[in-house]
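K.L.:
Dropping a structure here in structure tokens format, bear with me for questions.
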Amino acid sequence: MSLRFVIGRAGSGKSTLCLHEVQEELKQRPRGETILYLVPEQMTFQTQQALIGSEDVRGSIRAQVFSFSRLAWKVLQEVGGASRLHIDEAGVHMLLRKIVESRKDGLSVFQKAAEQNGFFEHLGSMIAEFKRYNVTPSNVYEMWQQLDAHSSSAEQKLLANKVYDLQLLYDDFERALIGKYLDSEDYLQLLVEKLPQSEYVKGAEIYIDGFHSFSPQELEIVRQLMICGARVTITLTLDEKTLAQPVNELDLFYETTLTYEKIKQVAREEKIEIEKTIPLMEQPRFHSPALAHLEAHYEARPNEKFNGEASVTIHTAANLRAEVEGVAREIRRLVADEDYRYRDIAVLLRNGESYYDVMRTLFTDYNIPHFIDEKRPMSHHPLVECIRSALEIISGNWRYDAVFRCVKTELLYPLDVRKETMREEMDEFENYCLAYGVQGKRWTSEDPWMYRRYRSLDDTNGMITDSEREMEEKINRLRDVVRTPVIRMQKRLKRAGTVMQMCEAVYLFLEELDVPKKLEALRIRAEESGDFLFATDHEQVWEEVMSLLDTFVEMLGEEKMSLSMFTDVMSTGLEALQFANIPPSLDQVLIANIDRSRLSNVKATFVIGVNEGVIPAAPMDEGMLSDEERDVLSAAGIELAPTTRQTLLEEQFVMYQMVTRATEKLYISCPLADEEGKTLLASSFIKKIKRMFPDVKDTFITNDVNDLSRSEQISYVATPEVTLSYVMQQLQTWKRYGFEGNLDFWWDVYNFYVTSDEWKQKSSRVLSSLFYRNRAQKLSTAVSRDLYGDKIKGSVSRMELFNRCAYAHFAQHGLSLRERDIFKLDAPDIGELFHAALKRIADRLLRENRTWADLSIKECEHLSAVVIEEIAPLLQRQILLSSNRHFYLKQKLQQIIFRTSIILREHAKSSGFVPVDLEVPFGMGGTGSLPPMEFSLPNGVKMEVVGRIDRVDKAEDENGTFLRIIDYKSSSKALDLTEVYYGLALQMLTYLDVVTSNAHTWMKKGGTASPAGVLYFHIHNPIVEVKGDASEAEIEKEILKKFKMKGLVLGDADVVRLMDNKLSTGSSDIISAGLKKDGSFSARSSIASEQEFNVLQKYVHHTFENIGKDITEGVIDIAPYKKGNKAACTFCNFKSVCQFDESLEDNQFRTLKDMKDSEAMEKIREEVGGE
């Protein structure tokens, strides 16, 4: 029994020496004693290749490469102890979830924390750490007793409570495992116990290579190996000079020095012979003087400079994507020009979550075979999502999001249907569920679902159309596709008495859905498209899910569990599933994490993402215990993993390892922005490298090749897939700025695409975008007639929409596009309710021959409650009755109607105008409808403007009859003559024109009436600020002022007094007008003469004719208006359709100038020739 150290700096040949010794021994004695070669898990594959890479050694039974966990399997198979069931990470998380749920009420700190994302991952890591550091539950309990007895501060009490929770959960976990199961950490403890019984290890020659430190658990394994083996050889990256000096935590080799001393101490304790250490002083790895210099002087202070050309390259990239593309181009160059193989190249990085997706995409585009040494989670695979969402459907009462997450996995689809057809139908089905607010019991009820197109609150026709019946049948068919398998599983889960039966219910759910066949179809499709990675995913996921169910049954099969706990535990297990890495092929670029990689002897290394806070890593407190808490436990004798401070001290060694992997070339790069455009800073590590290599230039990598020289641009020509975007970029430059010197070269590349049989069609679609202009072409007369017909019948709102944006009008009224209907109460629904409620109250008053003035406040309250109760079942598929929240909202809406009724009562008492008609239709046909506003357009098309007028008021005096329009609005609004001029506010003046043109309708003896004005009535329940001692009357007066109607009224003092008979001088509390003492109007009055009203009405006719002409002539310009801070695009539903983009030459707003009312009126006169 002896111990031998082989030490040396990086690249000194430690592994090579050991491998050569083994190979020589195998050549001399192929059947001698066992030779064990122990390496970290990540090194096993490459070490096996290296071991049998010699021409004289093509294979061996005597020598085997192991990691500690693989050695545990080997020994336990030999001597026994492997009969207990292995539980993987997913199983551990599931068991911990169950333990936490059952212990929840007794936990002090983790009761709420258990609901946070990642909690069980951290808890599992903490328990694994306890085991690796030989800390038992009883040790943790003793620590809690010690802490609890001496806790005085809040921080100490928190730590004591945290340790108490950990002790409870750790103890329960160990009790659940004992005698039945083994987790990955238990294998190492068993290995310690079983190694003395192993004949396989006894007398073996043992090499331990590639480690820098050992956990206490691993150190115990090393102890047993030294006792059982003939000789143990351990390699450590360590400078011999360091051993001659006192240990300093700032030393580069501090960690490996401690490891060296710990192992020697173990050897002394076991009286193991310690052979003379073999120090290796040469640098055989490095074929480059620059890399040899970097390794030899890495830790020197001040930095030792290397002058002259170096094989170290530094790149700064515009962004992360440009950085990865730069790496891809250089890899292709090395392979093409310098005879590198892909396996000679490695890419090292730390923040893989930012890079992996981009690297997969770009390396595939650049045709670079690659292997990412990182396990991917299965959480996004359709099968995992299907199980998780189906369980959430059942435990969460059939919520919309869970149902359609399950639907979108496409595993609920019948096996024999076309997926494309089913997707379209399910999209329609989802729209129905959103519109009708389908969830909860409606899914499980046997009552068929109904489909009716919503028309209006006044539509009481119960007849169903053929198209509605057809849609209803489809909806119920699709409902059964979705709910039938889930309801079957739901019934089985509710009947289940044990976890085993619940797992069986999940399995039967998958089997009845033909999931294995569907996954096989997905695998075949992936293989046919050349995506072999995803093809294997579909195989792995089924096996892992079945293994998870087996583990669940093995651990907890006979236990009873609530459905919610079963769902939580299953979800926790599913989240922990990972795809196994496919072993790399013989010729791939290796992409690996800096902290976990153990690669060696690659020719070129690319270290990417070298940004501040990443390399070196910024300090982060992660996991269950903070650094301060770890220090407290360490002081009390419990050794755990290194603190953040210790980890930061080890960063220099990690970076040293990182830059000493390559034999010939080292590339270091960092992006200046991430994928979202956020600024990133270069790491101080790059500055260190620049100081060591002052002649090395920092090259900037960009995706914009315009500023590069011709020779630099040539490097951007890679694969056809990648190069096409750069061709586009250059041709865009030519299009905008004309000929450039380098463009002739890019014309040659362009000619390749247009002449290549393979690429001609593919590239034409992309290149056609060069001449793309986001401009809508005018419709032909024939198309316009097909869309709009020979007779246009439209509302005033439609005409205003055209003037806001012609393309929005085309999308809504030409193409009939609309957003999908969602079961929610929007502003239009509330507006419709307000209109209907006030109309019902007014109709009741008319039937009773009463007016608003006749109502008492109590009657206002009663009537508002009655009409809201009548309307609620009719509005938006009974939305106001659908939940407690909406019931509360119904009460708030009733209060608004009540308040509005009171104000209308006050207005009626103060006004000579009385309502003579409500919700007056014009151009609608039928009894009571006024005629439309009709136009004969120059191209022969007839146009009718139709609509519905909220309220018509009439007043009479000795000067004649006056009519005014009242429009109810759920938001504050005034009449802006500038918007009238631009055709954006035509509604009120149109209504006034219609009623004055048909004045005889409301006059007993016929005749004409004069326009009295147009006013907006704001329906709301305002809050007013008053002094503390204000009386109720004063408060009511302030509220009344909040309801002052804005608009435009006739500039006649008598008419204004008819509107507010309390007005003598000053401002009216009812309308936006006021009188001075001399009888003239105040400056703030919104008034117009009768002649001006006539001009305005004439202008409205003129505007409608122009709009009708443009519509019928096919004008669909993408030209939204912008006026001050208002723009047509702000609330437009069609932005994703028109793709309006101000950065494009053809896309600019129509900027409308704001004007005073007098200026707008003058322009209106000019347009119509008015006086």
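Any Cβ shown, glycine's included, is placed from N, Cα and C.
In case it helps, Swiss-Prot gives these features for our protein:
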DOMAIN    1-390  domain 'UvrD-like helicase ATP-binding'
BINDING   GLY8, ARG9, ALA10, GLY11, SER12, GLY13, LYS14, SER15  ATP binding site
DOMAIN    281-587  domain 'UvrD-like helicase C-terminal'
BINDING   CYS805, CYS1129, CYS1132, CYS1138  [4Fe-4S] cluster binding site
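Provide an account of the burial state, proximal residues and distances for the features listed.
P.N.:
Spatially close to SER15 (ATP binding site) yet at least six residues away along the chain are THR47, ALA50, ASP209, GLY210, THR235, SER600, judged by Cβ distances under 8 angstroms.
Mapped onto three states, the DSSP output places CYS1132 ([4Fe-4S] cluster binding site) in coil. All protein chains shown were included, and the count of other CB atoms within 10 Å of the CB of CYS1132 ([4Fe-4S] cluster binding site) stands at 20.
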K.L.:
Compute the centroid of the Cβ atoms of CYS805, CYS1129, CYS1132, CYS1138, then list the same-chain residues not in that set whose Cβ lies within 8 Å of it, in sequence order, for the [4Fe-4S] cluster site.
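P.N.:
Once CYS805, CYS1129, CYS1132, CYS1138 are set aside, the remaining close residues are ARG804, TYR807, ALA808, ILE1118, PRO1120, ALA1128, PHE1134, LYS1135, PHE1140.
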K.L.:
Counting other Cβ atoms within 10 Å of each residue's Cβ, which of the binding-site residues ALA10, CYS805, CYS1129, CYS1138 comes out lowest?
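P.N.:
Lowest Cβ count within 10 Å among the binding-site residues (ALA10, CYS805, CYS1129, CYS1138) is CYS1129.
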K.L.:
Select the closest residue to GLY13 (ATP binding site) from the following binding-site residues, measuring between CA atoms: CYS805, CYS1129, CYS1132, CYS1138.
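P.N.:
Looking at Cα distances from GLY13 (ATP binding site), the smallest one goes to CYS1138.
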K.L.:
Between GLY11 (ATP binding site) and CYS805 ([4Fe-4S] cluster binding site), how far is it from one CA atom to the other, in Å?
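P.N.:
That separation, Cα to Cα, works out to 70 Å.
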K.L.:
Can you tell which of GLY8, GLY11, GLY13 has the least company, meaning the fewest other C-beta atoms within 10 angstroms of its C-beta, among these binding-site residues?
P.N.:
GLY13
K.L.:
In Å, rounded, how far does the Cα of CYS1138 ([4Fe-4S] cluster binding site) sit from the Cα of GLY8 (ATP binding site)?
P.N.:
67
K.L.:
Give me the sequence-ordered set of same-chain residues, not including GLY8, ARG9, ALA10, GLY11, SER12, GLY13, LYS14, SER15, with a C-beta within 8 angstroms of the centroid of the ATP site's C-beta atoms.
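P.N.:
For the ATP site, the extra neighbours are THR16, THR237, LEU280, GLN283, PRO284, ARG285.
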K.L.:
What is the nearest of the binding-site residues ARG9, ALA10, SER12, LYS14 to CYS805 ([4Fe-4S] cluster binding site), using the Cα of each?
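P.N.:
Ranked by Cα distance from CYS805 ([4Fe-4S] cluster binding site), first place goes to ALA10.
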K.L.:
Among GLY8, ARG9, ALA10, SER12, LYS14, these being the binding-site residues, pick the one whose CA is nearest to that of CYS1132 ([4Fe-4S] cluster binding site).
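P.N.:
Nearest listed residue in space: ALA10.
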K.L.:
To the nearest whole angstrom, what is the C-alpha distance linking CYS1129 ([4Fe-4S] cluster binding site) and GLY8 (ATP binding site)?
P.N.:
69
K.L.:
Return one of helix, strand or coil for CYS1138 ([4Fe-4S] cluster binding site), based on DSSP.
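P.N.:
Reduced to three states, the DSSP call for CYS1138 ([4Fe-4S] cluster binding site) is helix.
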K.L.:
Are there any residues at least 6 positions away along the chain from LYS14 (ATP binding site) with a Cβ closer than 8 Å to its Cβ? List them or say none.
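P.N.:
When sequence neighbours closer than 6 are ignored, LYS14 (ATP binding site) has VAL6, ILE7, GLY8, ASP209, THR235, LEU236, THR237, LEU280 within Cβ distance under 8 Å.
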